[in-house]
Structure formats: structure tokens, C-alpha cells
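J.: When I checked Swiss-Prot for this same protein, it listed these features:
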REPEAT    18-57  repeat 'WD 1'
REPEAT    64-104  repeat 'WD 2'
REPEAT    106-145  repeat 'WD 3'
REPEAT    189-228  repeat 'WD 4'
REPEAT    231-270  repeat 'WD 5'
REPEAT    272-311  repeat 'WD 6'
Amino acid sequence: MEETTIPFKSLHSREYQGHKKKVHSVAWNSNGTKLASGSVDQTARIWNIEPHGHSKAKDLELKGHTDSVDQLCWDPKHSDLVATASGDKSVRLWDARSGKCTQQVELSGENINITYKPDGTHVAVGNRDDELTILDVRKFKPLHRRKFNYEVNEIAWNMPGDFFFLTTGLGTVEVLSYPSLKPLDTLTAHTAGCYCIAIDPKGRYFAVGSADSLVSLWDISDMLCLRTFTKLEWPVRTISFNYSGEYIASASEDLFIDIANVQTGRTVHQIPCRAAMNSVEWNPKYNLLAYAGDDKNPKYNTDEGVFRIFGFESS
């Protein structure tokens with residue numbers, strides 16, 4: 001596929017309103033038909049998105065958390081189950097059809113990161129106290145708990161589920177074997193803290209975003225850095241590979257989202273935004289990029305509570 005085959009320049013963003021405060025996290029379900037958004041307003045919402053359809057989306061509110069919903073993720077094997085991590089110390093599992101909470105567990109601290117194992121059996125949760133908890137999805141009970149003596153940020157499994165990655169405030173990526181959680185490797189990735197990590201859906205690469213404003217691309221088989229993406233000037237808060245693994249989106253406090261070609265490192269498009277971004281995520285089936293940030297209403301200086309999706313042929 002040539003770089004020029006996706007006409008990014010002619011594609012549009014649509015705005016989705018519903019939250020009362022800013023949106024911290026956006027995530028697509030496994031078949032790309034639903035998007036979940038988590039907000040400081042203590043709710044998550046489920047949106048049915050038609051990739052080629054009109055922009056009127058009916059949404060479903062998930063209520064129950066008593067603090068900010070900081071991150072959420074969908075069960076990779078079930079397109080109607082979504083897990084939310086909140087500052088209220090709980091993790092909840094929801095049915096996106098009914099909007100009901102089906103499972104919940106109270107953990108020891110304010111939860112800020114959550115990710116599913118690719119086979120859907122386990123969920124990893126990270127909190128503000130640098131503690132990692134692995135939950136068994138069936139029983140929704142902790143299997144492992146591990147406290148680290150350094151800042152732990154975003155976490156991820158590789159596709160086969162035998163490696164577990166931690167990004168750290170030391171500028172390293174810790175690679176642990178799974179399920180033993182024994183250290184395998186420490187990758188000196190950046191000159192400042194590493195904040196976010198994304199796994200290429202084809203399983204070849206992972207990417208790391210850092211406070212040094214760079215995104216690094218790594219070969220997952222030999223753990224070597226292949227290249228860096230240098231367009232952003234502020235700490236990188238969020239990154240995502242598109243479904244084919246050809247493009248990577250990255251965002252920060254810069255007022256644009258960078259979309260780069262993974263193979264060449266070249267920027268192919270930039271999406272202008274009005275505020276620092278908290279979350280970007282590509283749809284797993286289509287070139288639709290959901291993004292959410294600290295948007296304010298300019299008149300009242302209040303949170304707008306919106307997110308947007310880029311990639312539609314009409315606005």
C-alpha cells in the first residue's frame with residue numbers, strides 16, 4: 001500500500017457530546033462498532049458508531065463509579081464487555097448492551113491504567129501508587145499483586161501474552177515474562193519518563209511515548225529500537241497504531257495529533273486540535289481515529305466533555 005492511498009487530507013472529524021466534564025479515555029470494541037468514553041464526570045458512555053453512516057449516535061451511560069473514569073478497555077474476545085478503571089479504587093466490568101455493571105472489585109489505590117490480555121482471560125490494572133494488579137476475568141478477583149519502587153505508567157501485553165511491558169518514570173521499559181512476572185529485560189528507551197505504550201496489531205513492533213517528546217518504535221522480537229518519531233514538542237501522552245500497523249498516531253500538549261508512516265517515520269497528516277490530548281485510539285477495522293482531550297468552552301472556560309473521531313468522508 002502506497003502512502004498516498006489514504007486521502008487523509010480530505011477526511012473529516014465529527015464531534016460527540018454527552019459527558020459533563022473532560023474525557024480521559026476513548027476505546028473501540030473488538031469489531032469496531034462501538035466506542036467507549038470515560039470521563040472526569042464519573043461516568044463512561046457507549047456509542048454505536050457507523051463507519052460510513054451518519055453522525056447521529058445514540059449513547060448509553062454507565063453509572064456507578066464515584067470518581068473519575070481514567071481509563072477503559074474492551075474485552076478483546078467479547079464485543080459487548082468493557083472494563084473501567086477509576087480513581088474510586090474500583091475496577092468495573094460492564095455489559096455494553098444493557099449498561100449494567102456485571103462485576104466489580106475494590107483495589108488498594110486510585111486506578112489510572114487498565115489493559116486486557118489479548119486472549120481475554122486476564123486484566124492488568126495500574127494505580128497511582130505504582131502497584132500492578134492482575135485480575136482473573138472470570139472470577140474478577142486478583143491473581144497477582146506487585147508494588148514497584150519506581151513510577152509505573154502505561155502497561156501492555158504482547159500479542160501471544162507471554163511478555164508484559166511496563167513503561168516507567170525512569171525512561172525505561174521493563175519487560176517481564178508472563179505469568180511469572182519475572183524480569184526479562186530493561187530497555188533504556190528515553191532520556192525522560194516513558195508515559196505510554198502501544199502494541200502493533202500485527203505483532204511486529206511496540207511503540208513508546210515519552211516526556212522527552214519522542215515516540216520510539218521497537219522490534220518486538222529482538223527488543224531493538226528501529227526509529228523515533230520527532231514531530232511533537234511536548235511530553236507524549238497517548239499513542240496508537242492503526243489496524244494495519246502502517247500508521248501511528250501520537251498526541252501531547254501540542255495542538256495537533258501527528259499521524260506518521262511506521263515504516264518511513266514520515267508524517268503523513270496532522271489533525272489540528274484545540275487542547276492537550278488525553279487519549280487517541282484507532283478503530284480495529286477502519287481508519288477512524290478517536291481522540292479526546294482537555295477541551296474547554298472558550299466562553300465559560302468550563303470542560304466541554306467532548307471527543308471526536310477523525311476519518312469520515314463528510315463532517
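We count from 1, first residue shown onward.
For all residues, glycine too, the Cβ spot is worked out from N, Cα and C.
Just so it is clear, the model here is predicted, and its values are computed rather than measured.
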J.: Treating G and I as helix alongside H, and B as strand alongside E, what does DSSP give for the repeat 'WD 5' (231-270) in helix, strand and coil?
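T.: Going by DSSP assignments, the repeat 'WD 5' (231-270) contains 0 helix, 19 strand, 21 coil.
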J.: For a three-state summary based on DSSP, what are the helix, strand and coil counts in the repeat 'WD 3' (106-145)?
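T.: DSSP classes over the repeat 'WD 3' (106-145) add up to 0 helix, 24 strand, 16 coil.
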J.: Helix, strand, coil: count each for the residues of the repeat 'WD 1' (18-57), based on DSSP.
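T.: Per-class counts: 0 helix, 17 strand, 23 coil.
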J.: Quick one: do the repeat 'WD 1' (18-57) and the repeat 'WD 4' (189-228) reach 3+ CB pairs under 8 Å, ignoring pairs fewer than 6 apart in sequence?
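T.: Contact criterion not met.
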J.: Cβ under 8 Å to the repeat 'WD 5' (231-270), counting only same-chain residues 6 or more beyond its ends: which ones?
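T.: Same-chain contacts beyond the ends: 1, 3, 6, 8-9, 32, 192-193, 195-202, 204-205, 207-215, 217, 276-287, 289, 291, 293, 310.
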J.: If we skip the immediate neighbours and take only residues 6+ beyond the ends of the repeat 'WD 6' (272-311), which ones have a Cβ under 8 Å from one of its Cβ atoms?
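T.: The answer is 6, 11-28, 30-32, 35, 37, 39-41, 49, 51, 201, 234, 237-243, 247, 249-253, 255-257, 259.
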J.: For the repeat 'WD 6' (272-311), give the DSSP counts of helix residues, strand residues and coil residues.
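T.: Split into helix, strand and coil, the repeat 'WD 6' (272-311) gives 0 helix, 22 strand, 18 coil.
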J.: Counting only residues 6+ away from its ends, which parts of the chain sit with a Cβ under 8 Å from the repeat 'WD 4' (189-228)?
T.: 151, 153-160, 163, 165, 167-173, 175, 234-241, 243-245, 248, 250, 252, 262, 265, 284
